[in-house]
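Over in TrEMBL, the protein carries these features:
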ACT_SITE  Tyr49  active site, proton donor
BINDING   His111  substrate binding site
DOMAIN    17-298  domain 'NADP-dependent oxidoreductase'
SITE      Lys78  site 'Lowers pKa of active site Tyr'
Amino acid sequence: MATVILKRTGQKMPLVGFGLWKVTKSTCANTVYEAIKAGVRLLDGAGDYGNEREAGQGVRRAISEGLVKREDLFITSKLWNTFHAKEHVKPITKMQLELWGIDYFDLFLIHFPIAIQYVDPAHRYPPEWFGDDGKVYLQNTPLQETWTAVEELVDDGLTKNIGLSNCNASLILDVLRYARIEPQVLQVELHPYLTQEPLVKTVKALGIAITAYSSFGPQGYVELGLDQGAPGLMEHGTVTAIASKYKKTPAQVLLRWATQRGIAVVPKSNSVLRIGENLQCDSFDLEASEIKGISSLNINLRLNDPGDIDSRLAIFA
Ligand SMILES: NC(=O)c1ccc[n+]([C@@H]2O[C@H](COP(=O)([O-])OP(=O)(O)OC[C@H]3O[C@@H](n4cnc5c(N)ncnc54)[C@H](OP(=O)(O)O)[C@@H]3O)[C@@H](O)[C@H]2O)c1
């Protein structure tokens, strides 16, 4: 299995994983179990996805049946926006580990560089974006406070690696100014409609691994009605022509466009067949001109922008 080596720990992060956002809660345990059986070794979860307990059940079944050992898996989770204050970081991470039924994460990311008011998990979990009255309540916790608290998770053995998500280059550079433990991974939206070349170049130069999310562009947002009416990438002539040439699926071409450049991917699917198909995406190589041709589809279409929820959250503006 192709991997990316994380600089600080030397740990190998699989280049192709499985994303848990929108994986149906009622079938999640079985889907995760089947995914591991099909060869998936990286699970990309988050407190916000609301299926950590179920994902953990799938993991524990796979381990108890001897399919894998815990150390064969790379489990990622994320810190939600309501837990950015230093006193909330460790308790919520411990709660998330308990939900999963594991002792440590391989990677723990700050989900968004956005701090919103604390919601007691006993009151509502996952807390999502809004207070009880449907409004967003910002909180003045600087990212430095959150990062310092997240570093302590490494000291305590609750996670092996830490990283950022949804951050631009200037914020990453700022974290590097004060980090005692540097971010090892940046997870961002990245697909042929949002290629982000300058960000990719900078992050690579800084020695931080990149994970692309929403590799299929609008496809992952159709079920939420948030695809902005963008034409599907899997049906795009540029992608389908390359898929026919290599006798691969458009999904595999879209994933390979990223992995061939060392960018990890975490495609989501509720179908075990598709999970297997996605995992087999690096059994061929695209020509440089084909990678360039796919990249030329860029229209800077961002599908996951908190600024659409509340203008004060426009972190990519
Ligand atoms: N850090 C962040 O803020 C953030 C934000 C968004 C996403 N993520 C992570 O990235 C993961 C992936 O992103 P995403 O969920 O937005 O979407 P995605 O993986 O780009 O697309 C998922 C969509 O593609 C379909 N699909 C999957 N494999 C397919 C295949 N081989 N052929 C045809 N259709 C296929 C799925 O349908 P079926 O389920 O019906 O197969 C689903 O509709 C998430 O699950 C999450 O782990 C992180």
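Glycine too: its Cβ is placed from the backbone N, Cα and C atoms.
Sparsest Cβ environment among the recorded positions Lys78, His111 (other Cβ atoms counted within 10 Å): His111. Mapped onto three states, the DSSP output places Lys78 (site 'Lowers pKa of active site Tyr') in strand.
The separation of Tyr49 (active site, proton donor) from His111 (substrate binding site), Cα to Cα, is 11 Å.
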